[in-house]
Amino acid sequence: MIIGVSGIQGDFREHKWMIEKLGHESYVVRTPEDLEKVDGLIIPGGESTTMIRIMKRIGLFEKLKEKILNGLPVYGTCAGLIVLAKEIENYPQESLGVIDIKVMRNAYGRQVDSFDEMVEIKGFNKPFKAIFIRAPRVDGWGPEVDVLSTLDNHPIMLRQKNVLVTSFHPELTDDTRVHEYFIKMVEEYRK
C-alpha cells in the first residue's frame, strides 16, 4: 500500500515522515500521472490558493477531483481542508468541492496567533494535541458529513465517505493516531 502526499506546496515532508514512521510506503505526488501510483492521498497545510493555481496549471486539479469522486481516499490538513471544501466564505477561490463544508480561511488568526489545544476525537481513547497555524474554521456542513472533533463548538476534524479533513496539523506532533485513522480508510478502500 502506497500513501501519496501532494508535493505541490506546503509541509508535505512531515506527512511523508509520519506515513513512513507507521511502516508504510509514501510517494510524493507532483503530476496527474503520479495519482495512478498511490492508494490514498494527503494534501498538506500550506497556501491553498497557490496549491490550486499550480494543480490547475499542471492538470492535477481535474484528475484529482475525478479520482476522489471515484473513491480515492484523501486527507486534507489546514490548507488541504480548504482545497477539498465545497465553499470558502471569506475569499473567492475555486476548490475541489468534494466535502460538503463551508470554511472561513485563517479564522483562528495569523501566524503569530498559532496555538495548540488538547482535543477529544471520536474513537480515540485519550485527548490529541491539535496544533493550529492560521487555521481555517468550519462554519457549516452537510448531513452526510461526520464531525469527529470540535473546538469551541466548531468542527476541527470531519469525514464524508472517503474524504477526511482537519483544521489542525497532526503531522507536527509525535502522535500518529490521525494518520493511522487515514491509513485505515485507505485499507477499507483497497478491499
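Just so you know, the numbers here start at 1 and follow the chain as drawn.
Including glycine, each Cβ sits where the backbone N, Cα and C put it.
Swiss-Prot has this to say about the protein:
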{"type": "ACT_SITE", "residues": "Cys78", "note": "active site, nucleophile"}
{"type": "ACT_SITE", "residues": "His169", "note": "active site, charge relay system"}
{"type": "ACT_SITE", "residues": "Glu171", "note": "active site, charge relay system"}
{"type": "BINDING", "residues": "Gly46, Glu47, Ser48, Arg105, Ile133, Arg134", "note": "L-glutamine binding site"}
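Under the DSSP three-state reduction, Ser48 (L-glutamine binding site) is assigned to helix. Within 10 Å of the C-beta of His169 (active site, charge relay system) there are 22 other C-beta atoms, taking all protein chains into account. Comparing CA positions across the active-site residues Cys78, His169, Glu171, the one lying closest to Arg134 (L-glutamine binding site) turns out to be Cys78.
Close to the recorded L-glutamine site, the chain also has Gly10, Gly45, Cys78, Ala79, Ile82, Asn106, Pro136: residues not among Gly46, Glu47, Ser48, Arg105, Ile133, Arg134 whose Cβ is within 8 Å of the site's Cβ mean position. Of all residue pairs in the L-glutamine-binding list (Gly46, Glu47, Ser48, Arg105, Ile133, Arg134), the one with the greatest Cα separation is 13 Å apart. When the Cα of Gly46 (L-glutamine binding site) is compared against those of the active-site residues Cys78, His169, Glu171, the shortest separation belongs to Cys78.
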